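Annotated in Swiss-Prot:
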- 115: active site, proton donor (ACT_SITE)
- 22, 23: phosphoenolpyruvate binding site (BINDING)
- 91, 120, 121, 122, 123, 124, 160, 161, 162, 163, 305, 327: UDP-N-acetyl-alpha-D-glucosamine binding site (BINDING)
- 115: 2-(S-cysteinyl)pyruvic acid O-phosphothioketal (MOD_RES)
């Protein structure tokens, strides 16, 4: 397994170009299964999960090519089953189910790897499709969906806010007979992006970005060209990188209006922030950040995917900051690793209490999940000495060429190939 070796401390500053959003690119790739004409999706990041999704679409019979943009022609899809060997590495593959059953009347997806029903809400995807008239069976580790004729529009009230299930229901409803209303829908910018992509293909959707999305079913979707929005979490990660190293950064190809909660907290931490139409600049003027209190919640509140980065910020900030995680359980696995580097924190239930220290020391640490691993790499950039981050395949799932981008900002980082 590959590792990162990081030599610190360094001040991170300069310019970085933000990639397309993984969490919009993936649902958009699967939504292309709904289209009866070729589709071109631009600004798709080069990531492991994207490669896996493209492989899966090919196995279903779609023609998939990448030359800068991703081109998908789903006219000849003739396989309706997403097999375990591809699904086991990526939960996003559940998004194939809605488009398959909506367009072809049948679909099967292996239960995502290590996913017990109820822990991550696959059950919300299932109940949504059932309310649209699909018959669902769980057999031999597969979710099997079928319908005679077309799905039927429905008034769906979601038990809890779920980005993934909102995508599934919205995609399936585009080809359903009649009108579907999703109440308590997720409001994330990536949901808006997928809705806009579907509208480009001919879907009739309104209310995206609010908690009530209305979809009027159409007979078919055509082709089109669409550009994925910039990755707000990658943007936030690089802004934090500059903040904790007391540096200055400009993020290009960014979308500032998707980051209001994060920018507000960075300003509270003492950062000088300016925004343009497609750029964000942050300047710490050489000052140490101040600790901030953060509570994660669904959009437009503070995103859970920025929690680990702000935990790190608090751990090197002036003062004590509280970080409360309300979206996912077990999302503090980076804290013991950061403690190995000299951080001072206590975890009480779903809150981590961060006591800022002047400096961190390099250590051997292990990445546990995507965002936690990014925070460990950033910690290595500002720690004294050498930090080795193990299991970085987590990072490769969500950040495009993170080491190249950090190096351009002044980091001393190298990828060490695993045996």
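Cβ atoms here come from the backbone N, Cα and C positions, even for glycine.
The secondary structure of residue 23 (phosphoenolpyruvate binding site), as reduced to three states from DSSP, is helical. The binding-site residues under consideration are 123, 305. Their Cβ neighbour counts within 10 Å are lowest for 123. Looking only at other Cβ atoms within 10 Å, the busiest spot among the binding-site residues 22, 160 turns out to be 22. The two recorded residues, residue 123 (UDP-N-acetyl-alpha-D-glucosamine binding site) and residue 22 (phosphoenolpyruvate binding site), have Cα atoms 23 Å apart.
Between the CA atoms of residue 305 (UDP-N-acetyl-alpha-D-glucosamine binding site) and residue 23 (phosphoenolpyruvate binding site) there is a gap of 11 Å, rounded to the nearest whole number. Separating the Cα atoms of residue 23 (phosphoenolpyruvate binding site) and residue 160 (UDP-N-acetyl-alpha-D-glucosamine binding site) is a whole-number distance of 19 Å. The two recorded residues, residue 160 (UDP-N-acetyl-alpha-D-glucosamine binding site) and residue 22 (phosphoenolpyruvate binding site), have Cα atoms 23 Å apart.
Across the structure, residue 91 (UDP-N-acetyl-alpha-D-glucosamine binding site) and residue 22 (phosphoenolpyruvate binding site) are spaced 13 Å apart at their Cα atoms.
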